[in-house]
Amino acid sequence: MSEPIRVVVTGAAGQIAYSLLYIIAKGDVFGPNQPLILHLLDIPPMMGVLEGVVMELADCALPLLHGVVPTADPAEAFKDVSAAFLVGAMPRKQGMERKDLLSANVKIFKVQGEALDQHAKKDVKVLVVGNPANTNALVCAKYAPSIPKENFTAMTRLDQNRAQAQIAAKTGVPVANVSNVIIWGNHSSTQVPDASFAKVVKGGKTLSASEAVNNDAWLQNEFIETVQKRGAAVIAARKMSSAMSAAKAAGDHMRSWFLGTEPGKYVSMGVLSDGSYDTPKDVVFSFPVTIENGKWQIVKGLQIGDHYRQLLEATGKELVEERAEAFAIIEA
Ligand code: NAD
Ligand code: LMR
């Protein structure tokens, strides 16, 4: 067994955290030999609820959980953490786009960027889940200048998981038989789910998604729209935004980052764009990445078809607009 690492989850009294804390504490993210001390941050009015969450974590009797630090103080929450799940933020309601949350949420990520800068380990890996996740991650990175920019990422793994599940259902294979579906761009309704390079294992053979689905019109239209609008569909049905699937995706994202991707496979993450694939630089854009030794690298050299190129342009444009809006709100 190694020494325990400190992991912070913000929004710890909220609905995503309620599923996520168990996934982390039982070892699904950092591995079965990695003990943890969980730091739980929420706002002062939620401290009573958080107390109940702490009781439940104790009652789970999880061997890897070596300590819990519930707090409303960002300095205590971010002290010496190696991993940060930034979940705490307002969720959207029916009829809203995620970017409508900018004015409510963006300042949270400025404060938390500053707190990470002052108190976290310099190699902390930060996953932003709170919406609009890409732009919040950009803001957080900007206010944590002593931490490398590549340590700030935004979650599009839920979109990747949704896309994989759609293709698995369409082709009649288990979801684990589908890999390398890409999510490009923003975690918003302009995101680009792209199955052009996806693989489907069916009947003992590895096929392209196009061969397995045998319906390119579906892949270029209905598939994309279903994934783009899945968050809204869950809100319409549940009257609350996705939580169990969001927690699972957050665990998947951090596990890939800490433990690496499998040979020949890649995953999608919102990372600071270096301009790859003619995307705008200095926005947090979701790319396919491979990960080794805790470092991600954008998969280069994929030939993007015209249909997707136009969609990539639109999602990049939206991120540039969100960036301007976010910094205008912060500087106002
Ligand atoms: P929730 O309202 O159930 O919980 C949010 C929690 O955050 C609350 O307990 C609240 O008190 C807390 N909080 C608010 N401000 C805080 C602050 N400054 N510091 C610490 N905690 C704070 O919401 P939820 O369903 O858990 O969703 C959280 C966020 O995640 C929302 O913005 C939602 O839109 C987003 N989300 C993102 C994805 C994704 O794929 N990227 C998926 C699902 C949800
Ligand atoms: C999701 O994709 O489910 C989340 O981002 C919540 C939302 O607002 O759609």
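Positions of Cβ are set from backbone N, Cα and C atoms, glycine also.
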TODO: For the substrate site that TrEMBL lists with Arg92, Arg98, Arg162, give the additional residue from the candidates Asn131, Asn214, Asn215, Asn221.
DONE: Asn131
- [ ] Out of the binding-site residues Arg98, Gly130, Arg162, give me the one sitting nearest to His187 (active site, proton acceptor) by CA distance.
- [x] Arg98
- [ ] Rank the binding-site residues Asn105, Asn131 by the number of other Cβ atoms within 10 Å of each Cβ, and give the residue at the low end.
- [x] Asn105
Task: From Asp42, Val129, Asn131, the binding-site residues whose CA lies within 10 Å of that of Arg98 (substrate binding site) - done: Asn131
TODO: Determine the most Cβ-crowded residue among the recorded positions Arg92, Arg98, Arg162, His187, using a 10 Å radius around each Cβ and all protein chains in the structure.
DONE: His187
